[in-house]
Amino acid sequence: MPRLTPIVNYRNIGISAHIDAGKTTTTERILFYTGVNHKLGEVHHGSATMDWMAQEQERGITITSAATTCFWSGMSNQFSSHRINIIDTPGHVDFTIEVERSMRILDGAIMVYCAVGGVQPQSETVWRQANKYNVPRIAFINKMDRTGANYFNVINQIKDKLYANPIPIQLPIGKENNFVGIIDLIKMKSIYWSEIDQGITFEYKEIPKDLMVLSNSYRNILLETSAEASEKLTEKYLYKNLTEQDIIEGLRIRSLKNEIIPVTCGSAFKNKGIQSMLDTVINYLPSPKDIKYSKKNKFLSKNYKKSILPKDNEPFSALAFKIANDPFVGNLTFFRVYSGKIRSGNTVLNSAKDKQERFGRIVQMHANKREEIKEVRSGDIAAAIGLKDVTTGDTLCDPLHPIILEKMEFPEPVISVAVEPKTKSDQEKMSSALNRLAKEDPSFRVSSDEESGQTIISGMGELHLEILIDRMYREFNVRSNVGKPQVSYRETIKSCVEEEGKFIRQSGGRGQFGHVWLRIEPNKSNIAKNKNNYTFINKIVGGAIPKEFIPAIDKGIQEQLSNGVLAGYPIVDVCVTVFDGSYHEVDSSEIAFKIAASIAFKSAFMKASPILLEPIMKVEVETPNEYMGDVIGDLNRRRGIIDGMQDINMGKIIISKIPLSEMFGYATDLRSQTQGRASYSMEFLRYNELPNNITESIINSNQLK
């Protein structure tokens with residue numbers, strides 16, 4: 001079957017934002033104006049297409065990334081039909097994993113900002129994730145109708161907080177209640193949307209006289225920005241005039257190189273600015289043909305020598321970026337095709353696990369609705385039914401042309417709770433449910449406390465775990481008792497120590513003999529490229545320890561990293577060197593050297609000024625002025641450090657750094673202090689050394705368990 005849409009007309013985009021910036025409403029308007037939906041879905045009514053989970057509809061927030069497809073030919077039908085594959089991602093920091101894996105497979109992104117709140121903590125997190133994968137972006141400054149809206153303030157924040165180069169291609173006409181339309185700086189026309197038909201129709205008019213000077217000023221910036229894209233455009237700018245198409249061409253070149261961020265504006269809720277923003281997606285975000293899929297941009301693993309070409313006649317390659325459990329069809333594997341094509345019933349190689357898998361059925365997803373299709377090609381995003389052993393980040397490829405795409409990296413959990421089923425008969429059901437949820441969400445971990453036998457679940461925040469426990473009940477009918485949240489501390493050292501470890505058992509018959517000297521020191525370089533930032537160095541010379549025993553020494557140390565020494569928490573940021581030792585020709589074995597290494601490591605660790613590290617969160621509290629003193633006092637009591645304050649309409653944003661352990665229950669306390677008028681956001685910042693008195697308390701508490 002021939003391709004219906006040329007790949008040059010594909011746009012694989014994500015829509016990302018801080019919570020409450022209006023991202024899902026923006027997506028709903030896109031679906032309405034592109035004809036996918038025939039009525040407007042509203043977040044506050046619980047009727048948003050993309051927020052289909054019960055928890056999303058109840059809470060009015062996005063929890064899981066949702067995929068859909070629409071087609072767009074331009075406001076004035078100036079384009080041939082373009083296929084836009086959209087992934088709507090969560091705005092809450094607890095679900096940042098959904099943004100991470102979406103950014104990995106997207107070609108472009110729309111960053112939505114609230115015209116009042118501007119660039120907020122999760123906006124910065126999402127920006128870093130987009131930078132990591134070098135994703136070209138446009139900005140949509142939403143909620144221009146809200147009290148306190150300030151378009152130019154948000155542009156300055158994009159510049160100052162995100163270190164980006166925002167280039168306005170539109171200006172708002174009015175603001176707050178007087179926001180009525182936009183000025184298109186490329187056409188130099190104003191656009192007004194009809195309020196009678198929900199913004200479906202619009203008209204171009206002349207720019208209001210009182211905005212002409214401002215428009216000309218920003219138009220000149222636009223012309224200069226575009227002219228810098230190439231010598232041809234520079235010459236034309238200097239000696240002739242740039243046409244509308246020249247300006248778009250120059251901005252596109254620079255946008256695809258991530259040199260600029262085209263900025264648009266509007267009000268999704270008031271049905272203004274969405275169609276013109278869609279035109280911006282077509283003009284300035286890349287098609288798959290514009291992206292280089294190679295080792296150089298960290299797309300391919302280092303072992304692969306070629307680049308991937310997004311052509312249908314190339315060998316098949318795809319990345320599985322999400323696993324979801326569907327109550328009707330079982331596991332759904334979401335994947336992005338980079339080259340070639342695949343039909344339902346075909347067999348592919350999961351090169352990450354070296355296993356072949358059969359594509360049972362292929363479906364096109366529209367939020368939680370499935371449309372069965374027979375074939376997908378390069379550039380497509382779809383889901384497969386029937387893949388048995390695929391996990392997030394696995395490469396699927398032609399068995400005759402194996403390839404490995406660079407795997408995704410996921411953040412380590414920062415919070416844990418103990419869970420147990422309300423009835424013993426549900427123990428097996430709970431284990432099965434938790435394992436299925438963990439397969440879906442790589443930032444969610446399930447483990448067992450060896451001493452107490454309790455099941456421990458770990459995640460990115462209180463809300464993250466609360467949602468997963470709720471899902472366990474709704475989707476798997478397992479009720480559970482949940483313990484108090486526990487912080488995921490880390491252990492490390494501050495000094496360098498050399499230590500000997502011996503394990504000798506020689507009491508008749510075959511004995512055991514292992515003898516090592518280890519040097520352990522802080523690993524501050526962060527070059528280890530593993531989650532613990534652990535480096536192992538072998539400096540044995542002269543055969544003091546045979547080569548075959550060196551891996552056992554490394555293994556003995558790594559087991560201690562997982563179990564901890566000081567208080568039972570994972571050990572991070574250590575470099576261990578084995579530099580001497582001895583062996584017995586008959587009695588030495590792998591197990592003996594493994595135990596000897598463990599003995600030496602534990603002893604050295606306790607002598608190397610061990611400390612506990614705690615997760616520190618960046619917390620931003622938005623509060624009316626009259627409660628500012630109470631809020632700051634409470635943050636100080638929580639061991640918070642105030643980094644700064646920003647003025648907002650009738651209030652302040654207080655920016656602080658606070659240990660996660662002090663933030664449990666903060667939402668309730670803040671509501672109480674401010675009569676429900678303040679709000680806060682929080683994201684993980686880094687690990688810091690724990691004060692001595694709290695360290696001693698935690699060690700003593702863990703020893704009593």
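In case you wondered, yes, glycine gets a Cβ from its N, Cα and C as well.
The domain 'tr-type G' annotation in Swiss-Prot covers 8-289.
Look at Swiss-Prot and you will find 17-24, 88-92, 142-145 tagged as GTP binding site.
Applying an 8 A CB threshold to same-chain residues 6+ apart, the list for Met144 (GTP binding site) reads Ala115, Tyr151, Pro172, Lys175, Phe179, Cys265, Gly266, Ser267, Lys272, Gly273. Packing around Thr89 (GTP binding site) is summarised by its Cβ count: 28 other Cβ atoms lie within 10 angstroms of its Cβ, all protein chains included. There are 28 other CB atoms within 10 A of the CB of Lys23 (GTP binding site), with all protein chains counted. Neighbour count (other Cβ atoms within 10 Å of the Cβ, all protein chains): 20 for Asp20 (GTP binding site).
The secondary structure of Met144 (GTP binding site), as reduced to three states from DSSP, is coil rather than helix or strand.
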